[in-house]
């Protein structure tokens with residue numbers, strides 16, 4: 001039976017079956033091929049899409065806008081300073097207003113409960129562009145990228161290690177994605193930065209059905225041995241006070257992805273992934289401040305690894321657009 005996701009919200013991967021997730025990845029691969037060959041068919045002509053960004057973004061905004069334009073839709077960008085959400089109007093009321101004007105709504109912001117409320121009351125498909133807890137569109141792009149760089153293999157045949165802050169939205173979402181798709185994931189982090197135990201338990205229950213393997217460890221060499229992919233994210237998240245940097249950098253320094261970690265995988269073909277932006281040199285304001293304060297060349301990843309043949313981060317970034325397009329086409333397309 002054909003998979004239909006028409007009018008569905010896309011709020012977190014926990015809401016989707018492995019078959020539905022694979023369907024979205026396959027659709028993204030097909031849409032990417034169609035765009036590259038100049039044969040893309042527009043299925044969102046006449047659709048109006050609202051993009052709500054309570055947190056600013058480069059990749060997510062551009063990915064949604066280009067994906068929408070490619071498919072013939074019009075977008076309205078509502079930035080951090082351009083809305084009354086939560087100030088003069090509740091999300092429940094905002095959802096019901098925007099749902100009368102728009103055919104689909106993207107939300108990037110704070111608590112998962114906010115996008116869940118938007119999805120409950122909008123009456124049109126709502127897509128999670130990032131919350132504090134989950135980042136599902138990024139995971140679709142990650143899984144698609146892994147498949148592209150492991151030709152002939154399926155997701156259950158692949159393994160990856162995530163190093164760093166495993167309790168953030170990326171650690172959470174990668175664990176859910178791996179559990180759903182039967183993969184081998186190793187979360188390599190200080191124990192105080194492991195995901196919430198309730199989510200770990202939920203993912204282990206999913207893994208018992210899908211065959212996924214979930215490992216939590218503080219040991220870098222154990223965690224990265226023989227993996228196909230290494231993954232990390234920033235150690236300091238958006239909006240965190242600088243006062244928190246010193247302790248965070250001290251705790252995370254052993255989990256930096258550098259040439260020693262590449263070697264420890266014992267896999268000369270291992271690939272490096274990052275959702276971006278990355279602090280890999282001193283060419284950003286944060287990078288300069290970190291180098292001056294702590295003497296580090298790069299934070300979560302070194303320049304050497306980031307710019308090496310192991311790195312597939314820009315393929316991964318491009319695939320954000322293709323997978324976001326797949327979500328919109330599947331849930332809203334004609």
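Residue positions begin at 1 at the first shown residue.
Using the three backbone atoms N, Cα and C, a Cβ is placed for every residue, glycine included.
Swiss-Prot has this to say about the protein:
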BINDING   57, 58, 59, 60, 84, 108, 135, 136, 137, 138, 275, 276, 320  carbamoyl phosphate binding site
BINDING   169, 233, 237, 238  L-ornithine binding site
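Rounded to the nearest whole angstrom, the C-alpha distance between residue 275 (carbamoyl phosphate binding site) and residue 233 (L-ornithine binding site) is 6. Neighbour list (residue 169 (L-ornithine binding site), Cβ cut-off 8 Å, at least 6 residues apart, same chain): 130, 131, 132, 133, 134, 135. Note on the binding-site residues 59, 320: the fewest other CB atoms within 10 A surround the CB of 59. Residue 320 (carbamoyl phosphate binding site) sits 16 Å from residue 233 (L-ornithine binding site), counting Cα to Cα. Looking only at Cα atoms, residue 237 (L-ornithine binding site) sits nearest to 57 among the binding-site residues 57, 59, 137. Ranking the binding-site residues 57, 137, 233, 237, 275 by C-beta neighbours within 10 Å puts 137 at the top. Calculated from their C-alpha atoms, the gap between residue 233 (L-ornithine binding site) and residue 57 (carbamoyl phosphate binding site) amounts to 15 Å. In the three-state DSSP assignment, the secondary structure recorded for residue 57 (carbamoyl phosphate binding site) is coil.
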